[in-house]
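According to TrEMBL:
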- Lys46: active site (ACT_SITE)
- Glu21, Val22, Gly23, Lys24, Thr25, Tyr26, Asp69, Glu130, Gly131, Ala132, Gly133, Asn197, Asp198: ATP binding site (BINDING)
- Thr25, Asp69, Glu130: Mg(2+) binding site (BINDING)
- Ser50: substrate binding site (BINDING)
Amino acid sequence: MANIKVGPLNRGLFITGTGTEVGKTYVTALIARQLVAEGVRVGVYKPAASGCHQEGGTLVSDDALVSNDAVALWEAAGRPLSLEAVCPQRFAAPLAPHRAAREEGRRVDAALLRSGYDVWRDAFDFVLVEGAGGLMSPLSDDDYNADLAIDLGLPLVVVAANRLGVINDTLQTVITASVIDSLRPGKELRVAGVVLNDVAPTGDASRATNAAELDERVGPPLLGCVKWAGGIDRAVNWQAL
Ligand SMILES: Nc1ncnc2c1ncn2[C@@H]1O[C@H](COP(=O)(O)OP(=O)(O)OP(=O)(O)O)[C@@H](O)[C@H]1O
Ligand SMILES: C[C@H](N)[C@H](N)CCCCCC(=O)O
Ligand SMILES: [Mg+2]
């Protein structure tokens, strides 16, 4: 009997990006809706969100704070569990979460960043985790997004904004992931692929060639391209990445 090598069960993806406002939420919601349509029980997790708004009344605690990202992910996944479970740590200032927390005299709870994933991992077929900002954006006082992705053991999908500069931005992110052991000895991060996303209805001349450039220059596959207000332009088996 050939010894069948069973690889680690890929139970989810960590969605990072070439930065903030590149379409991580938009693309993650597209993936969630596709998986739901395929009958997959999808979990969605936004470990920490900043730039949250308050729902009515005065801001008495972060209970009143709502993350638009969390709402978009929760709706796309069919309203699993609760918004609180989707995003347990919410802050108001449009800053990196650790800074937004400090503005409120609080700290991002590094342990909760990790433990908040458990309920999703244990109860759902596949979990989509959206980071905050890019791979080396701080999450807590002691964590970058990369640190959480390492500890959750999930492969990365890099959402890249389809505009001039995307080649550098994407290569920087992908190369950083590939050499993460130089920052975190003994650790590794795998980039499952890149999604090129139109972040505006119209764009610059580079839009015509960015996909071909990334295909040629970036090691991990270009999984798909997303037009403004569109879907992913090809079939992707997200669970097999
Ligand atoms: N392909 C697209 N079509 C239509 N709207 C888009 C598309 N990509 C992004 N957007 C919109 O652009 C804005 C920024 O996108 P999004 O919120 O997904 O970025 P993000 O990377 O998740 O940002 P953050 O770092 O704050 O989480 C949002 O209003 C989003 O709905
Ligand atoms: C507020 C914003 N929309 C994001 N949620 C947070 C982006 C943090 C970026 C930090 C950095 O890399 O400079
Ligand atoms: Mg987002």
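Each residue, glycine too, has its Cβ placed from N, Cα and C.
Where the annotation comes from TrEMBL, it is an automatic prediction and has not been curated.
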Binding-site residues compared (Glu21, Asp69, Glu130, Asp198) - the one with the fewest other Cβ atoms within 10 Å: Glu21
Residues among the recorded positions Glu21, Lys46, Ser50, Asp69, Gly131 that border ligand 1 - Cβ under 6 angstroms, in sequence order: Glu21, Asp69
Where the C-beta lies under 6 angstroms from ligand 3, the matching recorded positions among Thr25, Lys46, Asp69: Thr25, Asp69
Proximal but sequence-remote residues of the same chain as Gly23 (ATP binding site) (Cβ under 8 Å, at least 6 apart): Gly17, Val159, Ala161, Val195, Asn197, Asp198, Val199, Val226
Among Gly23, Lys46, Glu130, Gly133, Asp198, the recorded positions whose C-beta sits under 6 Å from ligand 2: Gly133
Lowest local Cβ density among Thr25, Ser50, which the record lists as binding-site residues, within 10 Å: Thr25
Rounded Cα-Cα span from Asp69 (ATP binding site) to the residue listed as 'substrate binding site', Å: 10
Rounded Cα-Cα span from Lys46 (active site) to Gly133 (ATP binding site), Å: 12
Distance check against Glu130 (Mg(2+) binding site) for the recorded positions Glu21, Thr25, Lys46, Asp69, keeping those with Cα within 10 Å: Thr25, Lys46, Asp69
